[in-house]
Amino acid sequence: MVSKRRSSSVSKHAPASKAHTHKPGVISDDSFNDLLKPVYKGKQLTDEINTAEDKWNLLPAFLKVKGLVKQHLDSFNYFVDVDLKKVLKANEKVLSDVDPEFYVKYLDIRVGYKSTSKTKDLILPPHECRLRDLTYSAPIYVDVEYTRGRKIILQKDLEIGRMPIMLRSNKCILDGASEARMASLDECPLDPGGYFIVNGTEKVILVQEQLSKNRIIVEADEKKGIVQASVTSSTHERKSKTYVVTKNDKIYLKHNSISEEVPIVLVLKAAGIISDLEIMQLVCGDDAAYQDLFVVNFEECAKLGIHTQQQALEYLGAKVKTMRRAKLSILQEGVEAIATTIIAHLTVNDLDFKEKALYMAMMTRRVIMAMHNPKMVDDRDYVGNKRLELAGQLMALLFEDLFKKFNTDFKANIDKILRKPNRASEFDPLLSINIHSNNITSGLNRAISTGNWSLKRFKMERAGVTHVLSRLSYISALGMMTRISSQFEKSRKVSGPRALQPSQFGMLCTSDTPEGEACGLVKNLALMTHITTDDEEDPIKKLCYLIGVENISIIDSASLHSSFGVYLNGTIIGTTRFPSKFVSSFRNLRRTGKVSEFISIYTNLHQKAVHIATDGGRICRPLIIVENGISKVKAHHLLRLKQGKFQFDDFLKQGLVEYLDVNEENDCFIALYEKDLSKHITHLEIEPFTVLGAVAGLIPYPHHNQSPRNTYQCAMGKQAIGAIAYNQFQRIDTLLYLMVYPQQPMVKTKTIELIDYDKLPAGQNATVAVMSYSGYDIEDALVLNKSSIDRGFGRCQVLRKNTTVLKRYPNHTKDIVAGMRVDSEGEPIFQHQSLGPDGLGEVGTRVESGQVYINKCVPANATESILQQGSTGHRETPVFYKAPEPSYIDQVMMSVSDSDQALIKVLLRQTRRPELGDKFSSRHGQKGVCGIIVQQEDLPFNDDGVCPDIIMNPHGFPSRMTVGKMIELISGKAGVLNGSLEYGTCFGGSKLEDMSKILVDKGFNYSGKDMLYSGITGECLQAYIFFGPIYYQKLKHMVLDKMHARARGPRAVLTRQPTEGRSRDGGLRLGEMERDCVIAYGASQLLLERLMISSDAFDVDICDKCGLMGYNGWCTTCKSGEHVVKMTIPYAAKLLFQELLSMNIAPKLKLGDVFN
Amino acid sequence: MVDNIVRIKHDRVENTVSTDYPGFHNDNEDYSWDLTKFKSKFDIKISYISERVANFDLINIDTSVSNAFRRIMLSEVPSVAAEQVYIFNNTSVIQDEVLAHRIGLIPLKVDPDLLNWIDNSVDEKDKFTDGNTVVLTLDVSCSKNPNASKNSTDPNELYKNSNIYAKDLKFEPQGNQLEKFKSPVVAADPNILIAKLRPGQEISLRVHCILGIGADHAKFSPVSTASYRLLPTIEITEKIKGEDAKYFQKLFSTGVIGINEQSEAFVKDSRRDTVSREVLRHERFNGKVKLGRKRDHFIFNVESSGAMPPEEIFFKSVRILRNKAEYLRNCPIGR
């Protein structure tokens, strides 16, 4: 191990001369090319291929194809390329009520390019949209066919609106752009994309987690003795939920639009299964136990006297709640209920209810099974029962809603015109189409910018779907793209949905979840995952019949349960007597690429079922296929991968690697390591560290830490100040934190390299001494070395944006920017010192509190028209700088926004050196504030004269158990001495033993503990000190942003008490508990001073006679000033008295003498 | 008799504090300060000296004194560094504050004795004079290199002045500084990268360099590091022979342990040892070897940052310490 590393570290410096060739047609992505270079991160082509270790190279290959946020991009691409066309197809015709001859038919829809040109339309580059507060969007074109008079006309490339474009999707101009091209567009090549830019803000549509649609979920309530099977049917038109429930051990069907529960036998009869025997066969098969449980249900139906389908349908029809305008007969209602309402996702053709009857019978069977054996219920929290909803699906829902509205408006407009009896010219409907073109654009924009998804069709009103992309650090942006939010209510106190599910293994990160209320509900994707998009069902169905599935429509009900049912997306399509043979032949077809690799198939022995899933939103991940105990990925495959001759897709095509979703994983035996392979193993893990996500992947040696510490680090890694993107200096964000000298960590992980954290790091390698020093290090406080700070340790910049719009008013006046004012000597006045002649702050000048950096003036008269107004003057409304510390003007941008108003953005910069109270953290959830800054000569030093940058108190270790941090120190120290970067990859990384060996070889103690000399006395310290580099992050919480004090200041209008909070220069509250202390102590004068005099003292005139308040020495109640007394009370008390008066309660004050 | 060996144990360090002062020991020896006695015992051995680095031993001196030298070298020996940076134009990507900070940290080759201290009581405008300030300027603008080959991607070839180094800081002599300084003021290390430029970008600034001490800011510290270590001692208490001796030899830094003709291990040069304490981990040498360090033998290592030769820095530290003592003696409390 050690010798190998050495040899490679030497060759690292040799220039990589071998040019590497790309496959034609493959998108070149420069950042990933590095990963495939002959010499990369200390590995080179000539190194021997070891399948057990080098199979991890599949991971960079996977990420090269899939990218870090591929789930978002895939989903959006599917939406614009496929789903959009489906939506159009579903709403393709606009007809007129007036003219039966008239029609408009949509033929095709495209986003971003016209039918005539093969290339994409030129749209404004994303960075310009960010700067100018615009929306990054592309036009939506449709091809229409319509009638004009008697003619049928084909119109192509009609723009109906603009679609916000997801960055780096295939409609984005950044798609496939080289690094140089990205740079010329002011875009960071490392930026993952996957978000939208709407009105200049970056918006992410978070992945939403939901219970899977169109699947049966069986649940039991043991207390109430209820078993229920439910299915949420979701179609383009509606969403509904159908239940099959037990009530007093009898089974009923329940649905929202059926007023009461209907006996299941009756429903089955209504669905055309009239024979009791057939019902029994369909539900129970020949299982006597099931039959016993079910037989009671026939009785109820017989009691109701229902024997025929007609009777059943009429019974059902009477129970249906309808809101239809046209009245139907009861029978028709019943037919309608079975055909469309119940289990709505199954479509009924020609009133053939067989499929639906079977579905209901299967639901009933599942209920019976759960009644018979309570363990046969489903787990709601099982990841296999969840589906993830992504940006594309949400956009599709929204677009369809808007498109429908667009069409109804269009139709109304056409009808209006067609209704006119004699038109002057021939009617051209396209003239009225453009009027509404804004609806789609603004509807999409509004939904994304506010996050309110309101869909009329489903009566859905969902808020908080989108979030502003957090650009605090590269990691926070990346973490946001992999985040999954659950629809589950945060307030409910159930632990189930929050708990870590074993089925999350490899799919969702085990560490990355927030603390507190959203704990366990907000999750993150693991590193090597893929979220499926919808696939066509019909070809799969046909394929199943071809490879030996007996079609369900021709099976007799008696033999239905004797063999395995084959279910396609939850619906039974047939049976097979040889499930394992069927499954393996299906898998073979998938491995050879005959069907999509994302279709999963698995057997469920308990249900005697083979399930095939083609729906979207399933999480899946690639695994190496193992046959006969031998991994199919061989050394020569990996060699070709390294040489760049192989892509990840080649591994898929050759059947070496396949995707498994959670359900199929359950059906497989997956070995973690190659050494674990044996006969019955079916798959091999590509790399165990992929159980963690991108954010948790930053932690070195996480497998040595106590698990909550890793979770804490996941939260803190997002707050670390560092480099944000290559275009960070081009950005004008509301708030931007940057580190002046970020360093890549000494102890890296493979994940760090994969997500390019080493290129955009957030932290510095500090030399840490773990010892007690000075007493200013208690409670996790850190001691910092002043010289290190002088030399740039922890130095950061804070950039803050200020936006001003110069408005235009209807009376043709507009806001202006005035120049600076000068004093008698011609020098600018203090307030205008940083201004230039144009009235804007000059770049590079310093602005202090009270100074102006945009000298804006608004017209004195903005309402009256110019003709009648007298004054044409302007009033100064300058933008002041108010902060305790001065800033420098970094950038000033002037542009024009969407609404043709001048837009001014000023970016202010502060450079900060660490100070007392600034927060720092290592990568192990160990945060602390700076407690004292010490001169270098006072700090301990070792034999080489090395002083620590940070001293950390050793009490931080025993209870936190962050052993990973200790190993990071040793590995880091070994790396420093050896001139190499060491790895702390999860379940791998540099071995502690090797690291100790290096330390000893370089003349240090194996344990990482050095003998130090005290800097103050110069003597040796009596204990050996754990001493070495640890990667430290500076967190965004800095005292400068928090410090606050006030003597006098603003007061609230209503109560006249001091305002609250730092932002309003508020007072510091003497709260209830503090008050209690003062009372207990007996300091009544202090109490009076704090609670009244220093707060809201108010002089009132009180009439001693009537006890009410008067004013100006006059009592308005008594009409005299005789008994009026002046006294001081809190204004809040006065307010209370007056409020009580206003509701007819007269509080009267009885005054007594103080000296009685 | 005082034991002046710091004992290095596997888990702790013992006998770290010197006790040779009157009243600590009950023996009849005289531990009071005696200059002649000190003179007779004290010794300096210089083992290596160069323009930048000096390595020398102070032998038989108390920890407090040698530590004072170390501390003074780090933070109280004055040196010259940039203090004020007046930026006329900076269109590079690097921000003004960061640029100023970087320039401040560049060690300059100026003899600090040639400058006076800044008088902070004087008005800002008259504060800087030719007697106390060195002025440097930096005027660089980057342009395209017309002779660059077409498909070159190397910025050094494509552009002129794309990298700004410390050597680009130009000395602007004020008054009689040219005669006084003899040689122009330059950066001690000419190839420190200050900033990178691209065509059209320009940096134009003026730097005022003044005298300061390391305690105020690390840029005024004349040393990269100045520190000492104690002389290691190795005492073999039981004979180690044959294979064991060879193994024993490997547990120390090279050249520390020798093996004689009887294939016995002996201490050849304990000064070279890094005291990795590796030997204490091995059971078979348990009780056979004692590690220690001589408490009054300091091996100093002074690395100058370039303004002065290291020995001068040391001499200055001695002078400063003497001035401090002088000052204390003149204080009312000292009399």
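Placed from the backbone N, Cα and C atoms, the Cβ positions cover glycine too.
What TrEMBL lists as domain 'RNA polymerase beta subunit protrusion' is A:67-442.
Residues or ranges marked as domain 'RNA polymerase Rpb2' by TrEMBL: A:213-389 (among others).
For A:468-531 (among others), the entry in TrEMBL reads domain 'RNA polymerase Rpb2'. Across the domain 'RNA polymerase Rpb2' (A:468-531), the prediction's mean pLDDT works out to 87.
According to TrEMBL, the feature domain 'RNA polymerase Rpb2' maps to A:566-627 (among others). Within the domain 'RNA polymerase Rpb2' (A:566-627), the DSSP-based counts of helix, strand and coil residues read 13 helix, 28 strand, 21 coil.
Per-class residue totals from DSSP over the domain 'RNA polymerase Rpb2' (A:648-680), listed helix then strand then coil: 13 helix, 7 strand, 13 coil. Annotated domain 'RNA polymerase Rpb2' per TrEMBL: A:648-680 (among others), in sequence order.
The domain 'DNA-directed RNA polymerase subunit 2 hybrid-binding' annotation in TrEMBL covers A:695-1064.
Per TrEMBL, domain 'RNA polymerase Rpb2' is recorded for A:1066-1150 (among others).
Under the heading region 'Disordered', TrEMBL lists A:1-26.
Scored on C-beta pairs under 8 angstroms, the neighbour of the domain 'RNA polymerase Rpb2' (A:468-531) with the top count among A:67-442, A:566-627, A:648-680, A:695-1064 is A:695-1064.
Same-chain neighbours of the domain 'RNA polymerase Rpb2' (A:648-680): 51-52, 55, 58, 61-62, 64-66, 382-384, 503, 506-507, 530, 532, 583, 587, 590-593, 597-598, 600-603, 611, 613, 618-626, 628-633, 637, 641, 686, 688, counting only residues six or more beyond its ends whose CB sits under 8 Å from a CB of the stretch. In the domain 'RNA polymerase Rpb2' (A:468-531), the DSSP tally of helix, strand and coil residues is 17 helix, 11 strand, 36 coil.
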